[in-house]
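Listed in TrEMBL for this protein:
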type	residues	note
TRANSMEM	6-25	transmembrane segment
TRANSMEM	30-49	transmembrane segment
TRANSMEM	55-78	transmembrane segment
TRANSMEM	85-107	transmembrane segment
TRANSMEM	119-137	transmembrane segment
DOMAIN	168-396	domain 'Major facilitator superfamily (MFS) profile'
TRANSMEM	172-191	transmembrane segment
TRANSMEM	211-228	transmembrane segment
TRANSMEM	240-259	transmembrane segment
TRANSMEM	265-289	transmembrane segment
TRANSMEM	301-319	transmembrane segment
TRANSMEM	331-353	transmembrane segment
COMPBIAS	361-376	compositional bias 'Basic and acidic residues'
REGION	361-396	region 'Disordered'
COMPBIAS	385-396	compositional bias 'Basic and acidic residues'
Amino acid sequence: AWVSSLSMGMVFFCSPIVSVFTDLFGCRKVAVIGAAVGLVGLLSSSFVSTIEPLYFTYGVLFACGCSFAYQPSLVILGHYFKKRLGLVNGIVTAGSSLFTVSLPFLLRVLIDSVGLYNTLRVLCILMFILLLAGFTYKPLVSDAKDKEGGKKGKFRFPPEKKICNFSVFKVLSYRIWAFGIPAALFGYFVPYVHLMNHVKDRFGDNVPEEVLLLCLGITSGVGRLIFGRVADYIPGAKKVYLQVASFFFIGLMSMMIPLCHVFGGLIAVCLFMGLFDGCFICIMAPIAFELVGAQDVSQAIGFLLGFMSVPMTVGPPIAGLLHDHLGTYDVAFYLAGVPPLIGGAILCFIPWVHERQKLKERAKPVDGETTEKMLENESPLVLDATEKPVKEMESG
């Protein structure tokens, strides 16, 4: 359990570092090197005979490689798509839902037939495909200043903005977003981690608990496609309202889990939870592009994912401690529904703040133009005023 938890936490914890490398070296190099590192970590894990080395080979090396391969896949989409960015993100992220549904069954068959170590080697094929896919990342957004710097000399220390772009935190709407989402995630992943154990405690082994994972995966993929397309019709930062709705419904569904005394009720809850989970994930990148722009989006996403690593790692263990003390998951699920509601309420302020920021930015050049026009209008009057006395003196 600690190996898998460390692996998941490292994927998000490394995101700020990945964003820096993405700005310095580009999406293609970072994605290819990340996939290669992940391939080495997964392959080396297949030769480990004890649990301790897995903390490094799988929990750190493989997870860091996945982190370096994952984030450029979100950033590169904004280089190619603008009008249909939401739909494209929905299609791309729906791939994870497809594997969420199919991979558990495939892994069970592989482990039963060829064993754990050979199963890890088979999964290396997927990492190799990921490595090849990274070569297709060709960024279209370029910085003119970087080109000029490249002409002057090959070896030039990169600007401070490229190394650590803290300027994204000057955007108030981004600061609210970067605080509201981690606040919501303290309880967001509790149902995903503890739902299977809750089913065993309440219904025993008589129910097909894999059906719940199947429902979550299928509806999450459907939600990413539907809400990704819907996001394209919602202008500007108002896309955040989709995330507000997703947090509201996920928090509500989490509180509904202890109230379901029939297995069919849990299936309905998981269908809704998966649908809005897909909504939350697919519009992450489009919102980042709206708040900070294409040039700063890499580190904006990186900082956010880094902040997300803390609640994702802390929330489920706290729920486990509550179960150990109380003997039931009911209180844990009730409390897990509160942070998404609070986080959703915080996000409601973003569209209003973002619009005010835009109005201020528009007002600055307008004021400059008006003052220039006033000076232009005043200048001929001043000339006329000075010319008249001179003419009068000459005539006299």
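Note: Cβ is positioned from N, Cα and C throughout, glycine not excepted.
Model confidence over the domain 'Major facilitator superfamily (MFS) profile' (168-396) is summarised by a mean pLDDT of 79. Per-stretch counts of Cβ pairs under 8 Å to the transmembrane segment (119-137) identify 30-49 as the leading one among 6-25, 30-49, 85-107, 301-319. When Cβ-Cβ distances under 8 Å to the transmembrane segment (265-289) are tallied for each of 6-25, 211-228, 301-319, 331-353, the top count falls to 211-228. Contacts between the transmembrane segment (240-259) and the transmembrane segment (172-191): present, as 3 or more C-beta pairs lie under 8 angstroms, all at sequence separation of six or more. Remark: the transmembrane segment (301-319) makes no contact with the transmembrane segment (85-107), by the rule of 3 or more CB pairs under 8 A. Only pairs six or more apart in sequence are counted, and the transmembrane segment (55-78) with the transmembrane segment (6-25) gives three or more Cβ pairs under 8 Å, enough to call it a contact. Three or more CB pairs closer than 8 A are found between the transmembrane segment (172-191) and the transmembrane segment (331-353), so contact between the two stretches is assigned (pairs 6 or more residues apart).
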